[in-house]
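The annotation DNA-binding region is assigned in Swiss-Prot to 346-408 on the grounds of sequence analysis. Per Swiss-Prot, the feature compositional bias 'Basic and acidic residues' maps to 195-205, 216-235, 430-445. The compositional bias 'Low complexity' annotation in Swiss-Prot covers 446-459. The region 'SR/KY domain' annotation in Swiss-Prot covers 171-187. The feature region 'Disordered' is assigned by Swiss-Prot to 195-236, 429-463. The annotation region 'BELL domain' is assigned in Swiss-Prot to 229-300.
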């Protein structure tokens with residue numbers, strides 16, 4: 001039962017004190033005082049356990065009896081004051097008529113999980129407060145009637161914020177709510193217990209090796225199969241291997257997308273901020289992929305048991321199933337060659353790298369055909385798988401890019417752009433031929449003109465230096481040929497035949513130029 005008292009100073013806010021009933025201590029304590037009015041006048045009917053009565057008076061309360069509350073009697077534990085009342089309460093407090101005001105009930109909180117206290121009265125005489133096993137002592141004021149009949153009341157928690165926080169922290173519903181939240185959205189516990197559970201859990205991390213549960217009895221029970229059945233089992237096994245590859249591919253795609261999302265989130269929030277959000281999802285999805293992959297591998301193991309095949313420890317720990325499949329095919333081919341007698345003699349020295357190593361490197365090259373440049377970690381992984389050194393792997397990729405990868409790229413380019421390239425080459429050849437023919441024609445015409453000019457200049461007996469420079473100067477020196485130079489060097493003089501030829505030619509030209517009607521023949 002809770003009673004609200006106002007401060008004598010005239011405070012307007014109402015304060016709440018939680019009063020819990022305790023029947024055992026009620027019978028032990030007795031006090032005597034006079035009362036003008038009882039609580040039965042205020043509350044109609046029987047007073048029940050844990051019933052709260054709110055009594056905010058409109059005026060100051062006059063206390064007629066000596067009701068003292070010592071500082072040692074009141075205890076404060078966890079920000080709350082708890083009092084206990086008996087079932088039948090007859091108040092010793094003289095009060096005036098009360099009116100009930102329920103104005104600020106939502107802001108007033110009751111405090112639980114506190115040390116039990118007692119408040120008892122008998123025969124309606126006295127009212128005392130006791131509290132046991134308290135950690136802190138609440139200083140209180142004394143209720144007395146020193147002529148003024150004033151009521152002193154001490155209040156420790158009068159701020160709504162601090163009262164709300166303390167009430168939430170000391171609430172009895174706090175632990176159950178925390179447990180429920182931990183079951184639903186517990187991130188830290190999952191991170192802490194994840195490593196312990198992952199060791200014993202079947203769904204481990206995706207890249208950890210899975211246990212292959214194939215017993216020797218299953219292998220021994222493999223019977224002779226017909227070629228058709230064996231072929232069918234081989235096809236099923238190849239399909240299952242492709243399914244394993246697809247699962248690996250999808251998981252890697254999911255992992256890369258999650259890493260990209262986490263990196264973009266960490267760019268804004270800071271390094272490592274995305275780990276609490278992504279780690280749980282990664283572990284859970286990894287378990288799903290792991291279970292799916294294990295189921296497929298169990299089917300593969302069953303088929304291998306029927307075929308009588310065995311896996312080595314290297315194949316069990318291998319992370320590239322396609323390379324494992326290629327290795328198995330090479331072993332089968334080698335066994336077939338041994339049966340047919342096509343094995344290379346042992347005395348013949350082996351040139352180059354082993355076929356098994358080359359097949360693994362070639363498989364990696366074709367898987368990364370668009371960018372066949374392995375990283376350092378990939379070189380180390382390939383060197384472990386092939387049994388070669390890191391330098392041998394690097395040299396093989398250098399030679400393979402030059403001898404194998406580049407010609408294939410060129411062939412692909414020719415297949416895609418072959419027709420257009422041929423048309424361009426044909427057009428270029430035609431233009432070159434036309435340029436050569438035009439150049440030859442021009443050279444012939446220039447050589448003939450130079451010869452004619454040389455002959456005309458030799459027939460003139462007396463010429464000045466300027467005229468000789470004009471005659472023997474090459475109008476187009478850039479296009480002078482060796483034929484013109486030889487014709488000039490082989491000239492031996494001026495003869496009579498040349499003179500007669502020149503005279504006849506000059507007469508003909510004079511006759512043509514003398515007739516004005518023949519000028520239109522030379523107009524271009």
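The backbone N, Cα and C atoms fix where each Cβ goes, and this holds for glycine too.
Helix first, then strand, then coil: DSSP counts for the compositional bias 'Basic and acidic residues' (430-445) stand at 16 helix, 0 strand, 0 coil. Secondary structure of the DNA-binding region (346-408) per DSSP (helix as H, G, I; strand as E, B; remaining residues coil): 43 helix, 0 strand, 20 coil. In the predicted structure, the region 'BELL domain' (229-300) carries a mean pLDDT of 88. Shown for the region 'BELL domain' (229-300): DSSP residue counts in helix, strand and coil, namely 67 helix, 0 strand, 5 coil.
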